[in-house]
Amino acid sequence: MSSSKDVPCCCSQRWILAYTSFVGFFFVYSLRVNISVAIVCMVKTPNITTTDTFDNSSSSICTGTASTRQVFNEHAEFDWNKEVTSSILASFFYGYIITQIPGGWLSDRFGGRYVFGIAMAISSISTLLIPVCARNSVVSVYVLRVILGLATGVAFPCVQSMWGRWAPPLERSKLISVSFLGTMFGNVATFGSSGYLCEYGFDNGWGSIFYITGGLTAIWVVIWFVVVRDTPSEHPWISEVERDYINNAIEYDTSKRTAKVPWLEMAKSPALLACTTAHICNNWTNYTLLTSLPAFLKAVHKFNIKSNGLLSALPYICQAVSGFSSGQIADILRSKGVLSTTATRRLLQIIAFSGSGIFLVATGFTSCEHRTLAIAFLSLAVMINGFCRAGYVVNHVDFGPKYAGVLYGITNTFATIPGMLAPIVAGQLTPNDTQEEWRNIFYVCAAFNVLGILVYGCFSRGEIQEWAKDDEEIVIEKQTDKTETKL
């Protein structure tokens, strides 16, 4: 048997899966958040003017005495009020919540390759149709965003299910964190480019956002089906050394699939309760920022649409750094025996909740005159929150690798509720878009973070649970215990 040092790494099939998943999640989030920036320049706002440069003093910008122009209205076509725009932003999650558990079950039962690939093809088509449909009926935009939610709802459970069969235990943090880094880069690229596309793109600017993200997603779907397989044993290009290394390292027989799911044992599991709570609390902050950050920067700090997109992207650039480094740190701590898996997950998740909560509250106290400081605080909040990539996010594969798809589907079902409520709550709490009103939104995010610290810190587990083991493995363990008792 070859040692782990003989196993290929960066160009191995498990890392190619990580790279391909990275790009996949890049497009999952591009399709999800593109409308957050696009809607700012789609909707007519005749009473709002913004500065065109950064050369003016903060005081003149914030008081409106600097030279300004109506960049938001040049390409705007729709007379949607705030209630309509908030509902459009939230409609995605009405579909997203439905397919989490079915997506996980289908992936665990039949494999995530086809489930994820077909879902992304549907997502591409629904995105490409938005510009045409928006000009005909706002209802059709709701429908397309719900369909997009239904399709992309399977993404995380599918890939978690695949990692349950591809990721050796001491490489899980690295592999999963790299694949999920695509979400942050999707945010960065979409927020960063959408402002410029609104201003200079084709089809009246904002339409190009949907055509470009939808078209590139279609190309990725083809690549996904060519290079990815559900398990190491099915892959035609994997080396024998790598295949044996993965199959011997993972705690169960990856070639076996079962339709039987221990639903009752899962429901009673403290580990699942901890991950579900952490997921909900993290997503309240995450979805609040994803859907409302451009509006916050526009209303409170008076950034124009081009600057808005770039600055909305900046916090996620910082999070990409922390998300990648946290995976490396976690696996080093575990492989060297510095901390157990349970302690590692708890430590990194508590850091994520604590740091993001503190800096979000600080952001609420920064006025327009100190808007550079606001960007710094937002970037620090989102960056520190990136440590969750080696916390609850990967934890599902630790305590239930065989059912990782279903487990993530369960937690993400509950964690989608914030996506449905956060944009509406933000709209209700900010009728006048004042700094004081936005501060209350950040207080709510911090309160969820405190709850996450308490529950995840007490109940999370890093070791595989009894109900997640193969029956044969449990029998062997019981026989070993009996033998040791006799001796």
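We count from 1, first residue shown onward.
Cβ atoms are placed via backbone N, Cα and C, with glycine included.
Note: TrEMBL annotation is automatic and uncurated.
The domain 'Major facilitator superfamily (MFS) profile' annotation in TrEMBL covers 16-464.
Annotation comment: TrEMBL describes 22-43 (among others) as transmembrane segment.
The transmembrane segment annotation in TrEMBL covers 114-130 (among others).
Among the features that TrEMBL reports, transmembrane segment is placed at 142-163 (among others).
Here TrEMBL flags 209-228 (among others) as transmembrane segment. Long-range contacts of the transmembrane segment (209-228) within the same chain, counting only residues at least 6 positions beyond its ends with a Cβ under 8 Å from a Cβ of the stretch, are 16-17, 20, 23-24, 27, 30-31, 34, 37-38, 113, 116-117, 120-121, 123-128, 130-131, 190, 193-194, 197-198, 201-203.
With a cut-off of 8 Å between Cβ atoms, the residues of this chain six or more beyond the transmembrane segment (347-367) that come close are 62, 278, 281-282, 285, 326, 329-330, 339, 373-374, 377-378, 380-382, 384-388, 390-392, 435, 438-443, 445-446, 449-450, 452-453, 456-457, 460. Annotation source TrEMBL lists transmembrane segment at 347-367 (among others).
Cβ atoms under 8 Å from those of the transmembrane segment (373-394) belong to residues 172-173, 176-177, 180-181, 184, 274-275, 278-279, 282, 285-286, 289, 293, 300-301, 311, 314-323, 326-327, 329-330, 344-346, 348-349, 351-360, 362-363, 366, 411, 456, 460 of the same chain, restricted to positions at least 6 beyond its ends. For 373-394 (among others), the entry in TrEMBL reads transmembrane segment.
Among the features that TrEMBL reports, transmembrane segment is placed at 406-429 (among others).
Under the heading transmembrane segment, TrEMBL lists 441-459 (among others).
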Leading stretch by Cβ pairs under 8 Å, where the reference is the transmembrane segment (441-459) and the options are 22-43, 114-130, 142-163, 406-429: 406-429
Ranked first among 22-43, 142-163, 406-429 for CB pairs under 8 angstroms with the transmembrane segment (114-130): 142-163
Distant-in-sequence neighbours of the transmembrane segment (22-43), which means Cβ under 8 A and at least six residues beyond its ends: 72, 74-80, 85, 88-89, 92, 116, 120, 123-124, 127, 130, 134, 145, 148, 152, 155, 159, 178-187, 189-191, 194-195, 198-199, 205-206, 209-210, 213-214, 216-217, 220, 223-224, 290-295, 298, 305, 308-309, 312
